[in-house]
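Visitor: Take this structure first; my questions come after.
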Amino acid sequence: MRSSMFFAVCAAAALQTALSSPIHPRHAHQSFPNTEQWPIATVGKALKQQLPDEELQGILSQVSQDNIEATIRKLASFGTRHTLSSQTDPARGIGAARTWLTEQFQEAADASEGRMTVDWNSFVKYPGDNERIIFPVNITNIVTTLKGSEDPDRLYVTGGHYDSRNSNPIDYQGDAPGAVDVSNSCYTNWVWEDASGVAVSLELARIFAKYQPKTTIVFTAFAGEEQGLLGAENLAQTYKNNSVNVAGMINLDMVGNSKAEDGTSDPYNIRLFCQGTPLTENSTTTTSRLSIGGDNDSPARNLGRHIYEVASNAFTEMTVRLIYRLDRYSRGGDHRPFLEAGYTGVRFVQPNEDYTQQHQNVTVRNGKQYGDLVEWLDFEYNTRAAKVVASTMWSLANAPGEPMNVGINTTTSDNFSQFKWTAPKGLPVEGYEIVYRETLEPHWTSVIEVGDVNWYNLTSATIHKDNVIFGVRSVGKGGYRSPAVLPFPFGCTRNC
């Protein structure tokens, strides 16, 4: 009996040792290299993030926390900014907010020596299939355009929405906090959803007005967001109907608070939501994209990677965290109508959310304050977010356009990767770069400088097209780079 127990214990111990060991006992005497990067980069060099040049550093140094806070507090003072609220009251409602914002954008434009203009993009929305529109209402976007000096026909749009709502999406008569009946309150002054984004748009318009970007930048304040992204939809369709080249839309919606509902603080990160397969992509292109594993390299996600490279640094004191989603669960934002119009759009959002402060009546329940109030804001965080957006917009607006017709030859199966592309229109290109990364990496890790050519033959068998994701990007004056473009296969006859 003792002998049986002894052998059972020994067997169990041996089994446990075998299960816990990552190396089979027969090979325990052997060793093997464990490389962190695979495939081993034998071509090119490690890719480094782009730091701001002296001019951009000067822009970042001008971003004012005081200005951002003052804008938010002023927007809060209008009580409700509901899309259906008064448009004639000089002190309360969306009309008063619109008038004040227009004046502020115009004041910025006055310092631009004629380069910046302020316009209204207005339309009337009637009741019908939208249950949040209960009577005809004029909806007005404030559109502030800073014309580019060399390639004015390429636009980059940024901004947030200045309308607001509370728990009841059709309550448009709520007064400002302080006149609130706790038992029956439906009032809000809505500060970071989305006064925080509008404040950034206005602050950057003030600063950029004194500079001359090479391409056009549009600073917006959208209305009708809370009724179904109506303002952004109208502006996106207006651009589309007029064949305007919107090269990128950067939505700023909820960028003013670093704390979560449980008090967790994350003050140095900002989320960037990036859609995968384009919403308007045709089935043939999508099939090709999926066949090469390119669903993670949509224009939106490569724009996101570009933003990470130019805006995550010690000058912004922030790290951009890409989120591979169109938006948060069950939520939407003003970048979506641009995506639906065939443009590239992404959305900045603070790292954590407190749902007691979103779309809530301003009230106290069980000793806890609800509502979107000024005291919840982290103005230092909001200011750092503004620097991230400033770095993004300036870097995009001074870079060449993305290379066009980017392809990779798949005529035959071999160890070579032959790329071709055509030059973008507009700003001159000084050269091109091929970037690559392991398929599971979120960001580009390596870069090959190929010069001012329109093709390149990569002869390295270790950096095989089956094992990495490639991108091609333009490089312009001062080292400003475009977002990378995924090469699609050409010359293949099946499975592509």
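Quick reminder: no glycine exception, Cβ is built from N, Cα and C everywhere.
Summarising the annotation, Swiss-Prot assigns Zn(2+) 1 binding site to His161, Asp181, Asp253 and lists similarity to another entry as the type of evidence. Positions annotated as Zn(2+) 2 binding site by Swiss-Prot, on the basis of similarity to another entry: Asp181, Glu226. Feature annotation from Swiss-Prot assigns domain 'Fibronectin type-III' to 402-496. As annotated by Swiss-Prot, N-linked glycosylation site applies to Asn138, Asn241, Asn282, Asn361, Asn409, Asn415, Asn457. Swiss-Prot lists 1-20 with the feature signal peptide, giving sequence analysis as the kind of evidence.
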Visitor: Could you work out which of the binding-site residues (Glu226, Asp253) has its C-beta surrounded by the smallest number of other C-beta atoms within 10 A?
Guide: Glu226
Visitor: List nothing but the one residue from Asn138, Asn282, Asn409, Asn415 whose Cβ has the fewest other Cβ atoms within 10 Å; the candidates are the glycosylation sites.
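Guide: Counting other Cβ atoms within 10 Å of each of the glycosylation sites Asn138, Asn282, Asn409, Asn415, the minimum falls on Asn282.
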Visitor: Out of His161, Asn409, Asn415, Asn457, which of these recorded positions is nearest Glu226 (Zn(2+) 2 binding site) by C-alpha distance?
Guide: His161
Visitor: I want to verify one value. Collapsing DSSP to three states, which class is Asn241 (N-linked glycosylation site)?
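Guide: The three-state answer is helix.
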Visitor: Could you break down the residues of the domain 'Fibronectin type-III' (402-496) into DSSP helix, strand and coil, giving a count for each?
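Guide: DSSP composition of the domain 'Fibronectin type-III' (402-496): 3 helix, 43 strand, 49 coil.
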Visitor: Between Asp253 (Zn(2+) 1 binding site) and Asn409 (N-linked glycosylation site), how far is it from one CA atom to the other, in Å?
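Guide: With distance taken Cα to Cα, Asn409 (N-linked glycosylation site) is 41 Å from Asp253 (Zn(2+) 1 binding site).
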Visitor: On the 0 to 100 scale, where does the mean pLDDT of the domain 'Fibronectin type-III' (402-496) fall?
Guide: 94
Visitor: Which entry in the list of recorded positions, His161, Asn241, has its Cβ near the fewest other Cβ atoms, using 10 Å as the limit?
Guide: Asn241
